[in-house]
Amino acid sequence: MSDSLRIIFAGTPDFAARHLDALIDAKQQVVGVFTQPDRPAGRGNRLTPSPVKELAERHDLPVFQPASLRKPEGQRSVAELNADIMVVVAYGLILPQAVLDLPLLGCINVHGSLLPRWRGAAPIQRALWAGDDRTGVTIMQMDAGLDTGAMLHKAVCAIQHDDTSASLYDKLAQIGPNALLSTLTQIAAGRAVAESQDNALATYADKLSKEEARLDWRLPAAQLERCIRAFNPWPISYFSLAEQPIKVWAAGVDDGQTSSHAPGTILAADKAGIHIATGAGVLTLTQLQPAGKKAMSVQDLLNSRRESFIPGTVLD
């Protein structure tokens, strides 16, 4: 049974904590938890523990927070736990080969895509950005490459037309733990089957940047709408009006609508939203956040700032 495995867990954010919680609930033998060092957060910039650390401490699990696993002291902490396997979920630190070789059965990773599609740092966001109709989680053996290890298990999740990165993150956080438990059971029983990735099918999920969140009105409306959902809740798509950034939390595509106006031109502003000409089609903005304000419906924004959204105005 998988509860006989001595497991090291390594992870940092809430997504990882949900997987650790599943291991704890299933009475797995977690012998140590690795997570990133406490970071300053909040208005007071106080040192704040990660969700994984908070959960581990509530269950009296040993916690280790090395700044790096490349140094001997961090590697020694792993070695002294005599683990059978190391489970890595959104840890945020690179595991050198010396660490990958320490557990008897190696290290496995929970990755938020259907590998080999979307290897890399932002698989959830890139799946939305590209218009994929499905994604999922892959449990893989870890090697020295970037998400290149052999695959042990996949769980598929449909992407809905209104999914954001936040909603898709939650969906994957729900299916990932069961996939992990199933994989551990197979490994413990000696029944796990590893499937090599087809490198010819690989795509890469580059890390997000604030710069690419700026809306380029020359793109098609459908692509812009996907960008808005992909960059929610971070870094949030935006445009500029009178040199002030306005964040876009939600938008829709006006099906069948076309415009001969220059991309970025406001075509209309009504209760349905602010209609913008794009490189192909019309985008309707429905939830905005002016600088220094909270996010609000377009109707509320127009009630106070309608003069800023006169048809014919061209947005930056």
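Every residue gets a Cβ built from N, Cα and C, even glycine.
According to Swiss-Prot, the protein has these features:
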- S113, L114, L115, P116: (6S)-5,6,7,8-tetrahydrofolate binding site (BINDING)
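Compute the center of the Cβ atoms of S113, L114, L115, P116, which mark the site for (6S)-5,6,7,8-tetrahydrofolate; besides them, the chain residues with Cβ within 8 Å of that center are H111, R117, W118, R119, P123, G136, T138, D147, M151, K154, Q197. Over all protein chains present, the Cβ of L114 ((6S)-5,6,7,8-tetrahydrofolate binding site) has 20 other Cβ atoms lying within 10 Å. L115 ((6S)-5,6,7,8-tetrahydrofolate binding site): 27 other CB atoms within 10 A of its CB, across all protein chains.
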